[in-house]
Amino acid sequence: MNNITAFRKFVSGHHLYAGLLITLAVLVPSIVFFHEGVLIKYILVPLGVINVGFSDAPGSFKHRLNANIIAIVAFFVVSVIAGLSRDYVWLSVIELLFFAIILSLGGIYGARMSSIGTCALMCFIFFSDRNFVAGDILLNAWYMTAGGILYFFSLLSLIDCGLIN
């Protein structure tokens, strides 16, 4: 009997649905972009999905939606700031220290904000590299934001269908 109960908890749990949501939200655009031959140009879209998906945590509907909106905005702002200042090493070091302190202090508000801060620091690191993110910074930050919005609407559709509480 315990095995059946454990299986039911696993199948109806948050982690299974979150894993499926992140997997589908990353794979579907990646496969479409690969099929069209533009995956290298739009690789930041799946990366935005992964960052917002990793910052999502179980909880109430309102808290999850608010945290996803905060994450999308924070990732865009941090990405633009890091991308525009990546040519000045001294400014990037100061910004890295500033963002590391500020975004780590977000952990005071709980695990959800801590994961948003960690993923925002990952965005900072990605956009600080000229080789990884080349070209127009605002356009590339928009691609990452579009991935976060894709995850957000995927989450809303699963909540609307009743698959996630």
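Just so it is clear, glycine is given a Cβ too, placed from its N, Cα and C backbone atoms.
TrEMBL entries are annotated by machine, without manual review.
Using a Cβ-Cβ cut-off under 8 Å and counting only residues 6 or more beyond its ends in the same chain, the transmembrane segment (16-34) has close neighbours at 10, 41-43, 45-46, 49-50, 53-54, 56, 58, 147, 150-151, 154-155, 158, 163-164. Feature annotation from TrEMBL assigns transmembrane segment to 16-34 (among others).
The transmembrane segment annotation in TrEMBL covers 65-82 (among others).
Residues or ranges marked as domain 'Integral membrane protein YccS N-terminal' by TrEMBL: 69-153.
Under the heading transmembrane segment, TrEMBL lists 88-109 (among others).
Within the same chain, residues 14, 17, 21-22, 24-25, 29, 42, 44-53, 56, 61, 64-65, 68-69, 71-72, 75-76, 79-80, 83, 123, 127 sit at least 6 positions outside the transmembrane segment (141-164) and bring their C-beta atoms closer than 8 Å to a C-beta of that stretch. Marked as transmembrane segment by TrEMBL: 141-164 (among others).
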